[in-house]
Each structure stands twice: as structure tokens, then as C-alpha cells.
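Structure first, commentary second.
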Amino acid sequence: MSSILPFTPPVVKRLLGWKKSASGSSGAGGGGEQNGQEEKWCEKAVKSLVKKLKKTGQLDELEKAITTQNRNTKCVTIPSNCSEIWGLSTPNTIEQWDTSGLYSYPDQTRSLDGRLQVSHRKGLPHVIYCRLWRWPDLHSHHELRAIETCEYAFNLKKDEVCVNPYHYQRVETPVLPPVLVPRHTEILTELPPLDDYTNSIPENTNFPTGIEPPNNYIPETPPPGYISEDGEASDQQMNQSMDTGSPAELSPSTLSPVNHGMDLQPVTYSEPAFWCSIAYYELNQRVGETFHASQPSLTVDGFTDPSNSERFCLGLLSNVNRNATVEMTRRHIGRGVRLYYIGGEVFAECLSDSAIFVQSPNCNQRYGWHPATVCKIPPGCNLKIFNNQEFAALLAQSVNQGFEAVYQLTRMCTIRMSFVKGWGAEYRRQTVTSTPCWIELHLNGPLQWLDKVLTQMGSPSVRCSSMS
């Protein structure tokens, strides 16, 4: 390998001297072959950046920012259309559609453009250099937010993107206000069964590459088949243009019960040790043990690592009832899907060469779709599939409506996701249990919060039984 890196310029050595190790200190980490490969990769990444910045005269500004650790330094930019510079193929774009028509979001097609490739490893340039010089444990661009003075921040989608690591900050998880729950609430005389969309025929949606709708997109009325039982819920960007309130734009504190004279008890949210649990299915059969996710970033893939806390490897799992269709589908899972839990939000990114299909009631609520809508995520694209703050607002609102309304929210805490093969109205397979390979996520934090709220509210006056 020494022939590949015959000479390291002094400026590269200086910049590498400020590289943060996993322990948070500057300089190189420990030994070992893996660390040696990582060091060589970091050197290549820095060399590549230095070469570009020398051409634009920004190298001194980068070195100043890193050595002074000062956010008041200037932007340090490289071209954002790195798909051409680095020989990457044009990333997939996604269109949103359903049985009633086509909806296009052209403004969102660049959200995953500009990935940088260094020695067969791809990543967004500002993430690579923030990880190198500030946060070694950084997983995704979702964890970063640009400072207000950054003129070429990644989220601005300009022709140049700033890679000054001190122009970005880590996203902090927002503190959710407690939900005020009356100790005794008037309960419906009978608790209807929980809505189950497993066997319903969902609509299908292809979602834009970006995880947010454009600012100017406000659906006047949902398309046919997209009537949400909870009403339209819009993202924060959409709410800025709306006159009437929706659950997503109201904070939990504004939706707390207003029953005067009642004994209101605050029920707080707390993060569990495992933020989600994942079960794997082949057709209608559960396969293997439940995977409990403790890391903020994890992948569900088709490979065979048995002991990595950041990977749920489906390739290891055996099933005596596995048929040829399932076997063929498993071969195409590949790198699968990456799940992020960052800042109270859950994202799904398709790493596979084949699309993944997601049914997320929380996401569907946000865009005013039917709760059973299935969203297709092509390779290289990502989607926000859950938001704690939106859920908190809905929970606080539902407390006013009684035990049954709160109980119905449990369906929002379950997300189904199939690999390679989709299901729904536009597919031969009508239900998720007809797809060869799929997973079910249970979001433990929201589920435990619901449990505490329901416990505080008390049981329904008439319990469900075989006779009710």
C-alpha cells in the first residue's frame, strides 16, 4: 500500500493531526489492520480535499477553521454536483403517485446528490469532513444542522456546498413536554377493536427523494381514497402556509386537556434502552429472533454478520418452509435499508439495488394520506417515517377524546417494510403478508409512553371479551 501513497504533503499531515479519534481526542487512533486502513482512507480524503481547495485558494481558510475551531470563519466550498466530479451515476429520483393521478416534486430531486467517493466509499462531503475533524461517531447528514451564518450549507442546495466542519452543529433531540392526563376520564362504554390495516388494500405512493414536501405544496383536498381518519396532518413547512391548525403544528402543551377541576397528572416521555424492535417475516411466517436496536443508526441487510449491534443480518436466518420466490428475493436484499433515529425522528434510506416499500401511519398522517398507504423508496433515496413531536401532539390531542382515541395511536408505532417486492392496490400482492421478505418495526419509546398514558387514564368501563 505504500506505493499508493508515496508522499504526504506537509499541509495534509498538519490537517490529519487535527483528526478526531473515537475517544474524542485529536490525532490517530489505536492500532490494528482495520485502523490502518481507516487511516489511509482518511489521508486520501484529506488529500482529495486539499487538491480541490488549492485550486480555489480556500486551503488557508480551512486550516484556520480547524486549528482555531472557530465558527466565525468563512465558508469552505467545493462543487455540490459531485455526481459528475466523482464519477457517480445520477441518483434516483422519486415521484409521488397513487391510483387517482400523478404528483411531481421536482424541487426535491437533489436531496441525496453530491455524494463523494473516496477509495470505493461514498458519503456526503460535509458529513465526511465533520466526522473526520469533529465527530467520529457521526452517521448521517440528518444529525447535522448548519449554523445560520453559513452561506453554502448543504440544505440550501446551492451549486457549492460548505465543508467547513465548524459551520455545522449536531442536532439535539428535542425535549417533549409531558402530556397532562386526567386521573379519571369519561370512558366510552365499549372499546372498539384496534384498527388493523394488515389485510386492507393500501394505496401506493412513490415519494420524492427529499424527506420534506416543498414549501409551496399544500393539498387542497386529499385525492380519492386518501381520507385520513385523523384529519390532515401537515409538516411544519406546510403548516406555515395554512390558516387552520392541525395536530402536527400544535405543540403538546397547547393540546393538553382543559377539563377544569380535574386531577391532571403529567406523563413524561423517556428514551428506552432499545429505541426499536425489529421482527423479520417471510410471507406470513415469523423467522428468527427479534432484533433490539440500541444504536442510533443500523442496517437491515441480507448478509451474515452475527454479532454487530448496528446490523440485523437476514442472511443468517434459516426457514425450512422457504420457497423459491423467497430465496430469490433474499438474494436481492443486498445492503438492504439503513434506519436512523436522530433528534426524535426516524429515517429510512434504501441502500439496496432494489426498492423498499414502507407503510408508516405517522408518515401518511403527515401528508394527509390514508393510514394504509405504502410508499416506494428507490435505491439511494430516503424518507422520514416517524416524528416524535408529531406523535406527541396527536397523543396530547387524543387524551381529550378518551381512552379509545389514545389506544388507537398504538397503530402509529408500528412500521412495516418489504424488500424488493411491493404490495397494495397497484401490485399483485395485496397484503404485506403476501410479500416474500418483510420486517415490522415497533417503536418502543412511543409505545411505552402510550402505555403510561393509558395506565394513568384507567381501563375502559366495559372490557373487551369474547362476549362483547
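Each Cβ is built from the backbone N, Cα and C atoms, and glycine gets one as well.
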Swiss-Prot has Cys75, Cys162, His167 binding Zn(2+). Which one of Cys130, Cys150 is in the same site?
Cys150
Examine the ranges 7-37, 224-254 and name the one recorded by Swiss-Prot as region 'Disordered'.
224-254
All chains considered, the count of other Cβ atoms within 10 Å of the Cβ of Cys75 (Zn(2+) binding site) is 19
What's the most sparsely packed of the binding-site residues Cys150, Cys162, counting other C-beta atoms within 10 A?
Cys150
